[in-house]
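Working notes for the structure below.
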Amino acid sequence: MDCWKQERSNTWTFPTLILCLYGFFFMMKPSEPFLTPYLTGPDKNLTILKVTNQIFPVWTYSYLALLFPVFLITDYMRYKPILLLQGISFIITWLLLLFAQGVLAMQMVEFFYGMATATEVAYYAYIYSVISTDHYQRVTSYCRSITLVAATVAAVLGQLLVSLADVSYFHLNAITLASVSLAFVCSLFLPMPQKSMFFHRKGVSQTLPGPDKAVAAVGADGPSNCREDEGSVSAERAPTPTQQADDAKPQNHAFGVLVQLSKDLRDCYSSRKLLYWSLWWALATAGFNQVLNYVQVLWDFRAPSHSSAVYNGAVEAIATFLSSVTSFIVQYMKINWDLFGELALGIFSAIDAGSLFLMHFTTNIWACYAGYLIFKACYMLLITIATFQIAANLSMERYALMFGFNNFVALAIQTILTVVVVDSKGLGLNIVTQFLIYGSYFAVIAGIFLIRSICMLVSSKCE
């Protein structure tokens, strides 16, 4: 029996199944679209001003503070302990949300939610440590699909329970607590990985795939300094005598890993193509997260939840579905992204800016909903393209590193936006004015890439 269990754990199907169950339950949160109405309603009795300027900013600050150390600790501890930490963080978040009162308690909710968000990297990195590269594409598809399905089901379920069954927001949060608790139970059954991408490698050939083993097929015009061929692997990654004595000198090994990571970042960002795609990634993700964090406050301002029907769940379900559709159609877009990629970034960023301006100027909640749907669909389309363009030129390790660093820069920019625009210690602008700022922010992004694309097209014609 023990042999059968061990064999079952060693196959790629068992950890994939458990990870998909975990992903479904931790994304199955029907109360999330109704967080602002819950906080401002009779259960918590907080004002919109306190929610916007004192409570929600804590998530941004905690996420930024935790992201980089969690990124390194996740790899060092081989993922599973961090998945357990994520499950515990979710449970604490919803216990506080259900039973605690006051601004300080809700700030603690945002802190623990920031911790859960920061540890999400372990979910997407875990699977690559327990399966072979032959199954990367299939398993990645499974894991990402199940989270989209769970988010859609959660939003639909939440809306149906609120609109048709008259279920209270408190009981929606109780359902979410049960779901994240099941996710934690699922994580207990995950096998412990024996290797990781950076700190616990089991041979160069396994963990450092060349172009044919990268996340996506490497483009013919990809930058040579960010590709992994046999020569560069043996020169840059071959274990030194110090690394071979890892058990005797773990500090030297850890320092060597950090030095190698810094060299990888420098090499990858020396590619102008990757630099500009990463620049858009960081700038746009900062604005996207900021909009997601405060859009419910705007909806509650346009149609107060205590006197109007709330359709946040339905809107989030439609937005998730549109995002999955736009992400799916990218594979059928036969475009020279080297030539027209920045033009696409500029055009769709301009559409994002227009949708945010619509949300600012309109007083109609349905127009506000429509603007959000357009905004999220366009962003998801572009982030899918950007992800592919970056991943196509990198090994798994370097892609993970750039993914983490781009998100760290995005969070730093988002923190600046939060401190200046939202926080009561900064300008503390009202929610309507905030969306004017966010629209202007995306207009600047659009301007940067439209000007660059025009210059590129003119120079290509001159040649």
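Using the three backbone atoms N, Cα and C, a Cβ is placed for every residue, glycine included.
TrEMBL entries are annotated by machine, without manual review.
What TrEMBL records for 219-248 is region 'Disordered'.
If you look at the transmembrane segment (12-28), the same-chain residues 6 or more away from its ends with a CB under 8 A from one of its CBs are 83, 86-87, 90, 123, 126-127, 130-132, 135, 139, 142-143, 146-147, 149-151, 153-154, 176, 179-180, 182-183, 186-187, 189-191. The feature transmembrane segment is assigned by TrEMBL to 12-28 (among others).
According to TrEMBL, the transmembrane segment annotation covers 58-76 (among others).
According to TrEMBL, the feature transmembrane segment maps to 83-105 (among others).
Under the heading transmembrane segment, TrEMBL lists 111-131 (among others).
Within its own chain, the transmembrane segment (143-164) is flanked in space by residues 16, 19-20, 23-34, 123-124, 127, 171-172, 179, 309-314, 316-317, 320-321, 323-324, which lie at least six positions past its ends and keep a Cβ under 8 Å from the stretch. What TrEMBL records for 143-164 (among others) is transmembrane segment.
Positions annotated as transmembrane segment by TrEMBL: 170-192 (among others).
Annotation comment: TrEMBL describes 274-297 (among others) as transmembrane segment.
The transmembrane segment annotation in TrEMBL covers 309-331 (among others).
TrEMBL lists 343-363 (among others) with the feature transmembrane segment.
Annotation comment: TrEMBL describes 369-392 (among others) as transmembrane segment.
Under 8 Å from some Cβ of the transmembrane segment (399-421) lie the Cβ atoms of residues 57, 60-61, 63-64, 67-68, 71, 121, 125, 197, 214-215, 261, 264-265, 268, 274, 278, 281-283, 285-287, 289-290, 390-391, 427, 429, 434, 437, 441, all in the same chain and six or more residues away from its ends. Marked as transmembrane segment by TrEMBL: 399-421 (among others).
Counting residues 6+ beyond its ends, the transmembrane segment (427-451) has Cβ neighbours under 8 Å at 48, 52-53, 276, 280, 283-284, 287, 290-291, 294, 297-298, 301, 342-343, 345-347, 349-350, 352-354, 356-357, 359-360, 417, 420-421 in the same chain. Per TrEMBL, the feature transmembrane segment maps to 427-451 (among others).
Sequence-distant residue pairs (6 or more apart) of the transmembrane segment (58-76) and the transmembrane segment (111-131) include at least 3 whose Cβ atoms are under 8 Å, placing the two stretches in contact. The stretches the transmembrane segment (309-331) and the transmembrane segment (369-392) meet in space: the count of Cβ pairs below 8 angstroms, excluding pairs fewer than 6 apart in sequence, reaches at least three.
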